[in-house]
Amino acid sequence: MAIIIGIDPGSRMTGYGILQQTGDKLTYIDSGTIRTDTKEMPERLKRIFNGLTRITQHHLKYADEPIYTAIEQVFMAENPDSALKLGQARGAAIAAMVALDLEVSEYTARQIKQAVCGYGAAAKEQVQEMVCRILTLDFVPQQDAADGLACAICHAHSSHSMNKLILNSAMRGRGASKKKGRWRLTEEDLGNLR
């Protein structure tokens, strides 16, 4: 089991989605947006950092399983100023997760859409619809929140993520030992990973 926090960064609105992954089953936990209504960029970044920190700390309190985070990579915008602001918002989000000692994985918008919709150029509405179907939601999340959930779904479906879950399970259940910051697996553990 694991908790996955997906983040869709934005300088005016940052979306987040939180899922629980048990094997190949995904369960919705929470989603929403962090709005930054101020014009001053430093204040926006502070709100993103503080908002994500509070939300994550709340879920860390109740989580018995590992927590992973995933964030959408910056795309190349036609307007350089927009790309710079988006990069700063993304940096604030990553800093919030790293400050809580969480690992951050990054995915392109195309990878996220491909994982959720099966088509890398899917429209935002298609992403929203597929997020609802995959998580069997009885409501439609706001677009930025749906994008955060989509990012979490993408991470859950990535082979990198699945391998980590298998490895964590193997280490906890089979006598693996930690020595000098490295895990030592038994031959049986290594066989289970294949």
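First residue shown is number 1, and so on along the chain.
Here the Cβ of each residue, glycine as well, is placed from N, Cα and C on the backbone.
What you are looking at is a predicted structure, and each value in this text was computed from that prediction instead of being measured.
The Mg(2+) 1 binding site feature in Swiss-Prot is assigned to Asp8, Asp144. Around Asp144 (Mg(2+) 1 binding site), taking its Cβ as the centre, 24 other Cβ atoms fall within 10 Å, counting all chains.
Its Cβ placed at the centre, Asp8 (Mg(2+) 1 binding site) has 27 other Cβ atoms within 10 Å. DSSP gives Asp8 (Mg(2+) 1 binding site) a strand state. Per Swiss-Prot, the feature active site maps to Asp8 (among others).
Residues annotated as Mg(2+) 2 binding site in Swiss-Prot, with sequence analysis given as evidence: Glu72. Remark: Glu72 (Mg(2+) 2 binding site) has Ile7, Asp8, Pro9, Arg90, Glu106, Tyr107, Thr108, Ala109, Ile112, Asp147, Cys151 as non-local neighbours, by Cβ distance under 8 Å and separation of at least 6 in sequence.
Under the heading active site, Swiss-Prot lists Glu72 (among others). Under the DSSP three-state reduction, Glu72 (Mg(2+) 2 binding site) is assigned to strand.
Summarising the annotation, Swiss-Prot assigns active site to Asp144 (among others).
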